[in-house]
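Annotated in TrEMBL:
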- 36, 72, 101: [4Fe-4S] cluster 1 binding site (BINDING)
- 168, 172, 175: [4Fe-4S] cluster 2 binding site (BINDING)
- 8-20: compositional bias 'Basic and acidic residues' (COMPBIAS)
- 27-137: domain 'MTTase N-terminal' (DOMAIN)
- 154-387: domain 'Radical SAM core' (DOMAIN)
- 390-457: domain 'TRAM' (DOMAIN)
- 1-26: region 'Disordered' (REGION)
Ligand code: SF4
């Protein structure tokens, strides 16, 4: 369970580390990637295309002929961070192309930074490449610019995000993603499977399925079958599971058909892990958010999932201090959490976002009340996490190695831990011969609030 600072998104992604040595005279581009894993996937696609066209990628401003800043515009704080990053790139390099969510509001960017070379919106890969071509003409060398079949990835080699769709058909009042990213557009299932198979061939051991609304996948395609693969989340999850690596589902909106995924988890085809943002538990708060799912029903669903797959780990995110949230509504959420016993929880204090409908709702909650509710929520969440992890002591678990440091300490993850947002399992001794991407069995011998320790068996 991660204790997110209230001003960060739960899915905030690590800054990319780019290692590449350009040949003399090779056109070179830098990339600053802000925001969530979905934005990170966009950055990877842009870099893949640039590498394919013969550009080198610079890990610093000084070595780049121009810099792309892939921005985030989810919260006002994220917009401010994006503007700051653009300013830094301008002062360090001077030639800056802006893309990503903030690019949906070009005048907002150019108002603050009139000297940027170009502003393009989210997923406008062609426009980004056009802007790069104009700023730094390509100079391909067919003998050296060979691209690995899996493309350029900014995540460690043994796990990779896999984006299955863009956009969202919901209209949650606190969210402006549908305005920035548009309605749901799913990738054909065969294209997703082909990309996943290439990643597995290239050594990826874990696929992290992401989108704005994973359970809606294929709705816009009427769930058609094409080249042997049906565009429906249950079929896609099964097909991905057959690739023989860990498959983890993120951003699963709580639709009733989510229950069809549970048997795949029980069979071991996909990981017994569900990242499902409930946001709140009180029916009135959910109604004001324009979210579905009556709280009582959600508890029934959770009980049914656990009955069918006892191993399942549930991660969710919540907003406290939403406009109009009364103490009684908040208490309902706390009671619900006590009953739901979720494994991983992220919690955010409500924040206005320019353009969100919730800004105009009556009854905004004072910031000290939001903070107090957040503290109470996280205290309960932490106690649940600690008790759940303590119960794991003595169990034997399969873990995936993420890193082995120079002191021989291996940082690993269990099936219940997604990278960056959940906990870790550490092995302190006997890690000789282990490398990132290895799967090993451990016995858990110690538990903390969010992490575990174990020994190899
Ligand atoms: S489902 Fe998610 S992306 Fe879609 S509107 Fe709601 S919060 Fe935003």
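Note that Cβ sites are derived from N, Cα and C of the backbone, with glycine treated the same way.
Location within the structure of each feature annotated in TrEMBL.
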residue	record	contacts (Cβ under 8 Å, 6+ apart)
101	[4Fe-4S] cluster 1 binding site	35, 39, 71, 72, 73, 74, 121, 122, 180, 181
168	[4Fe-4S] cluster 2 binding site	177, 178, 181, 183, 184, 212, 213, 216
172	[4Fe-4S] cluster 2 binding site	279, 289, 290, 291
175	[4Fe-4S] cluster 2 binding site	353, 356
Binding-site residues considered: 36, 72; fewest surrounding Cβ atoms within 10 Å belongs to 36
Listed in sequence order, the binding-site residues from 36, 72, 101 whose CB sits under 6 Å from ligand 1 are none
In the three-state DSSP scheme, residue 36 ([4Fe-4S] cluster 1 binding site) belongs to coil
Same-chain shell around [4Fe-4S] cluster 2 excluding 168, 172, 175, C-beta within 8 angstroms of the CB centroid, reads 170, 171, 174, 176, 177, 178, 212
Residue 172 ([4Fe-4S] cluster 2 binding site) -> DSSP, reduced to three states, gives coil
DSSP, reduced to three states, assigns residue 101 ([4Fe-4S] cluster 1 binding site) to helix
